[in-house]
Amino acid sequence: MSAVEATADARGGALNDWLRERISHALSEFTAATALVVLFVALSFASPYFLTADNLFNIGAQTAVIAIIAAAQTMVIITRGIDLSVGSVAALAGVAGAMVVRDLGFPLLAATAVAIGVGALAGLLNGLLVTVARIPPFIATLGTMSVGRGLVFIMTGAVGVYGLPRSFQLLGNGEIIGIPFAVVITVLVAVGVAFLLSQTRFGQYTYAMGSNLEAARRSGIAVGRNLTYVYVLAGVLVGLGGMIAASRVNSGQPNYGISLELDVIAAAVIGGASLFGGQGRIVGTIIGAFLIALVRNGAVLLDISIHYQQVIVGLIIWAAVYFDQYRRRRLESRG
Amino acid sequence: MATAATATAENDKPAAGDPPVLEARGIVKRFGHVEALRGADFTVGKGEVVALIGDNGAGKSTLIKTLSGVHAPDEGEIRVGGRPVHFATPVDARRAGVETVYQDLAVADDLSVAANLYLGREILRSGPLGRLGLLDKRAMRQGAAAALAELGVRIPRVTTPIAMLSGGQRQCVAVARAIIWATNVVILDEPTAALGVVQTGRVLDVVRRARDAGMSVVLVSHNMPQVLEIADRVEVLRLGRRAARLRADEVTTDDLVAAMTGSSGAERD
């Protein structure tokens, strides 16, 4: 059969297929965005403080840290991995950044580089544990989570790193024409990672490895090296996120980011990243991060205790993963 | 019996004179104490569809994996176009123009049809952007659509993720991918095992088109009528050795079964 006939033959179903494809791709993103808008409107009615400039600035900065680290998590999740160490690595990076400023007088830029370097090293460690030592990502990064948290307590004697110059706050609390500096960084990171994932060969390999590792390997992709790159790049972003978080409170906090992994995994999954690998987009993750930040912010404004926040985030994770499963089944029932 | 006569005639292939496109000689492969291949031979000529058959445990999978670079043989020699080669990895085999479609590991479900066809061989943008790893998606879409049309593979659109295709379409894409990149031989390991009748027909059509275009094809199959329908020749593996070489148009399924089980004069050392 000629191509022309084939096209004509398939045309009846083509529009349908095209729609299905678009919808299934964007469905979780659309759902998350709707939830975001609903929550936003609800909170503006529920609390008189919600729409104040101060609070919106706060939400922006809080979203920024979650979004940057969730972007890192998304890359790892796409490879069918998971990074549980993001919280302690962010703390380690933030504390390291704060310490070199306080004790060695590093300028902010150099301190940020140190924090990013710490994150990259942790990412390299995660990557090598997964690819060379062949430890499953869940366990490998669980170990890194524990080692990282231990190290940060050892380094600081479990006491926060204070006594930093005001300039240290630039990343977390600075602004450019009223827009939080952290939000600007987040936009740059998001655009960069989205571009990397969707337009480059490295991005293509990231999806391929998560979708079918053996097929990727047999296609000649250096899966060990590329997986390691993913973890290193994730570490870089986690280091940056940790530095911004430290900057927000103008100190290095050794207990920063405990259970942060839940927030960022939730953000990624809400946005459509699949824990079964091969799927996920940064657009969705950013929406998810915003949603999580809103939940946290709204809970504070409405005086809902931190313990209930934990419960709410847990429920959201369940719902998002259930939805992901449902979506997969529907897609595959066709094959 | 016609089979015995054919089996003794070594050079009755259409491309007599040329060295075989792919040839295995005296392949031995052991796994611990188990000898899966005990001096197996195998030959594929240019533009031939050769079916490789054998009972379970005869060594088919091992031989295929040796030919495609997954296993290194303990003894024996593999030649491509008469030239001895050593495949340390599947990538080596692919560089030598030998492409393999494995039963279930063929494609990445989440990627589009075009992305799968170009997986590991992506087209990059020209110039400095390409050096940064920027994909030329447009070129890959067009290339994929053209290649599939040429092979008569019918899919809605090349940007459709594989997960949204039917089993038959999926397998057609996997087979097409191998055919597009192979310069010498395509090895298909049970390509239709999981498919229905119509879908099987589609896959076999793709194989025929490739053969007509001069490609050599190795087909592993348990389906004897199918083997006789599509293959030019049949090579029978038994107990880790080649037991018979038969012309598909001169034998019946009974002959094939007899050769596989060793209950006929087709057997040969």
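A Cβ is built for glycine as well, from the same backbone N, Cα and C atoms used for every other residue.
Heads up, TrEMBL stuff is auto-annotated, nobody curated it.
TrEMBL has this to say about the protein:
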type	residues	note
TRANSMEM	A:30-50	transmembrane segment
TRANSMEM	A:56-77	transmembrane segment
TRANSMEM	A:84-102	transmembrane segment
TRANSMEM	A:108-130	transmembrane segment
TRANSMEM	A:142-164	transmembrane segment
TRANSMEM	A:176-197	transmembrane segment
TRANSMEM	A:227-246	transmembrane segment
TRANSMEM	A:258-276	transmembrane segment
TRANSMEM	A:283-300	transmembrane segment
TRANSMEM	A:306-323	transmembrane segment
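Listed by sequence, the residues of this chain that lie at least six past the ends of the transmembrane segment (A:176-197) yet keep a Cβ under 8 A from its Cβ atoms are 57, 60-61, 63-65, 67-68, 71, 74-75, 78, 170, 203, 206-207, 237, 240, 244, 248, 281-283, 286. Sequence-distant contacts of the transmembrane segment (A:108-130) (same chain, six or more residues past either end, CB-CB distance under 8 Å): 81, 83, 85, 89-90, 92-94, 96-98, 100-101, 136-137, 140-141, 143-144, 148, 167-168, 170-171, 227-240, 242-243, 246. Non-local neighbours of the transmembrane segment (A:306-323) in the same chain are 28, 31, 259, 262-263, 265-266, 269-270, 275, 291-292, 295-296, 299; each lies 6+ residues outside the stretch with a CB under 8 Å from one of its CB atoms. Through the fold, the transmembrane segment (A:258-276) approaches residues 26-29, 32, 35, 66-67, 69-70, 72-74, 77-78, 80, 82-88, 90, 145, 149, 283-289, 291-292, 296, 310, 313-314, 316-317, 320-321, 324, 328 of its own chain, all at least 6 residues removed from its boundaries and within a Cβ separation under 8 Å. Sequence-distant contacts of the transmembrane segment (A:56-77), counting only residues of its own chain at least 6 positions beyond either end whose CB sits under 8 Å from a CB of the stretch, comprise 83, 86, 90, 137, 172-173, 175, 179-180, 182-183, 185-186, 189-190, 193, 197, 206, 210, 230-231, 233-238, 240-241, 244-245, 248, 260-261, 263-265, 267-269, 271, 273-275, 277, 280-282, 285-286, 288-290, 292-294, 296-297. Residues 28-29, 32-33, 35-36, 39-40, 42-43, 46-47, 50, 55, 58-59, 62-63, 66-67, 70-71, 73-74, 186, 190, 194, 263-264, 266-273, 306, 308-309, 312-313, 316 of the same chain sit 6 or more residues outside the transmembrane segment (A:283-300) yet have a Cβ under 8 Å from a Cβ within it.
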